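The active site, proton acceptor annotation in Swiss-Prot covers Asp174. Swiss-Prot lists Glu34, His35, Thr36, Asp37, Tyr223 with the feature substrate binding site. Residues or ranges marked as ATP binding site in Swiss-Prot: Gly124, Ala125, Gly126, Leu127, Ser128, Ser129, Ser130. According to Swiss-Prot, the feature Mg(2+) binding site maps to Ser130, Glu162. Taken from Swiss-Prot, the feature site 'Transition state stabilizer' applies to Arg28.
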Amino acid sequence: MSLKEKTQSLFANAFGYPATHTIQAPGRVNLIGEHTDYNDGFVLPCAIDYQTVISCAPRDDRKVRVMAADYENQLDEFSLNAPIVAHENYQWANYVRGVVKHLQLRNNSFGGVDMVISGNVPQGAGLSSSASLEVAVGTVLQQLYHLPLDGAQIALNGQEAENQFVGCNCGIMDQLISALGKKDHALLIDCRSLGTKAVSMPKGVAVVIINSNFKRTLVGSEYNTRREQCETGARFFQQPALRDVTIEEFNAVAHELDPIVAKRVRHILTENARTVEAASALEQGDLKRMDELMAESHASMRDDFEITVPQIDTLVEIVKAVIGDKGGVRMTGGGFGGCIVALIPEELVPAVQQAVAEQYEAKTGIKETFYVCKPSQGAGQC
């Protein structure tokens, strides 16, 4: 049974009438451009065919009822007439409440709604299950009440909800790609202007995501430290963000910087350049150049930004040994565990899967999870 069928059936059973709309919003993977988003830089993600699906209908009052199919059909109810506050027990409900509250704060006028939510974006894998939920809820209200919002505004609203209501600091990339993703394309995003450019993906190439299943422990504290180091670097150059510093300017005075800060700055500057070049390489179907850029990105994250762990490096090495220069592979996400992403010719996917199955657990004691994805369409009706 598809997520659409599942949520429609649950909706009818729970609420006693049929849903009028079904909306989906996808998760994402970032192909290249790591930790560049909060430095006003470039990222190159694609939406994936794992998504959050919501069957819904408008109500003729001011009540919101939300059922979470993946959390034992837990039900949350709240009124649009009262101040929206955090739910004491259901963390999932706060993503919904946050999006609704921030849409209200943006002076959008809408009535009540019934929703049933289900999703298959793996949680805790760095594939943006939370952003996909936020964008799905925003799209539900936009579609049901014809709100004058475009995808970028729905994305910004979701980011605001996560930062201010849920209390998790995140950049804009995750929500933006979920809202604006394009089938068979990646999206080059300028995180300063929020401008986007669709980049066609080469035919016959699979997007493979492998979760190391190494439990991330340092990610919060180390993430904040990296941010501070980048801000220190930008201040040294008297610029608003590292986006505004050239590699030539950096090389001329690198020796004057604190050695750790210098390494962090070098990663951001070179990663930004790699990301813009990767968009061109991908569009031209130049997998050999993509391989080089992804390898350089991984080495930079390992040696300059210092956010990889041995388990991730092992996974990258296993995949690289199989694909050679026919595709690219690197760590993706915040670091200290999580996933790797690989662009692999479809005919090599079984060999990669076999090599990883045979070697990764033997070397690390951890079993990986393997996902083969297609670049998918952003949020909308399904």
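The backbone N, Cα and C atoms fix where each Cβ goes, and this holds for glycine too.
Sequence features annotated in Swiss-Prot and their locations in the structure.
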{"residue": "Arg28", "record": "site 'Transition state stabilizer'", "Cβ neighbours (10 Å)": "32"}
{"residue": "His35", "record": "substrate binding site", "Cβ neighbours (10 Å)": "24"}
{"residue": "Thr36", "record": "substrate binding site", "Cβ neighbours (10 Å)": "27"}
{"residue": "Asp37", "record": "substrate binding site", "Cβ neighbours (10 Å)": "21"}
{"residue": "Ala125", "record": "ATP binding site", "Cβ neighbours (10 Å)": "22"}
{"residue": "Leu127", "record": "ATP binding site", "Cβ neighbours (10 Å)": "27"}
{"residue": "Ser128", "record": "ATP binding site", "Cβ neighbours (10 Å)": "29"}
{"residue": "Ser130", "record": "ATP binding site", "Cβ neighbours (10 Å)": "23"}
{"residue": "Asp174", "record": "active site, proton acceptor", "Cβ neighbours (10 Å)": "28"}
{"residue": "Tyr223", "record": "substrate binding site", "Cβ neighbours (10 Å)": "18"}
Residue among the binding-site residues Gly124, Gly126 whose Cβ has the most other Cβ atoms within 10 Å | Gly126
From binding-site residues Thr36, Gly124, Ala125, Ser129, Tyr223, the one whose Cα lies nearest Arg28 (site 'Transition state stabilizer') | Ser129
Candidates Glu34, His35, Asp174 (recorded positions) with Cα within 10 Å of Ser129 (ATP binding site) = Asp174
Which number gives the other C-beta atoms within 10 angstroms of the C-beta of Glu34 (substrate binding site), all protein chains shown included?
-> 25
8 Å Cβ shell about Glu34, His35, Thr36, Asp37, Tyr223 centroid, substrate site members excluded | Gly33, Tyr38, Asn39, Val43, Gly171, Arg226, Ile268, Gly334
Once the DSSP letters are reduced so that anything not helix or strand counts as coil, what is Leu127 (ATP binding site)?
-> coil
Residues flanking the ATP site, with Cβ no more than 8 Å from the Cβ centroid of Gly124, Ala125, Gly126, Leu127, Ser128, Ser129, Ser130 and excluding those residues themselves = Gly27, Val121, Pro122, Gln123
What is the number of other Cβ atoms found within 10 Å of the Cβ of Ser129 (ATP binding site)?
-> 23
Could you state the CA-to-CA distance between Tyr223 (substrate binding site) and Ala125 (ATP binding site) to the nearest Å?
-> 16
Nearest to Ser128 (ATP binding site) in three-dimensional space, by Cα, is which of the binding-site residues His35, Thr36, Asp37, Glu162?
-> Glu162
Determine, using Cα-Cα distances only, which of these binding-site residues is closest to Ser130 (ATP binding site): Glu34, His35, Glu162.
-> Glu162
Near Glu162 (Mg(2+) binding site), which residues of its chain come within a Cβ-Cβ distance under 8 Å, counting only those 6 or more away in sequence?
-> Tyr95, Gly98, Ser130, Ala131, Glu134, Cys168, Cys170, Gln175
So which recorded positions are near Leu127 (ATP binding site), with CA atoms within 10 Å, out of Glu34, His35, Thr36, Asp37, Asp174?
-> Asp174
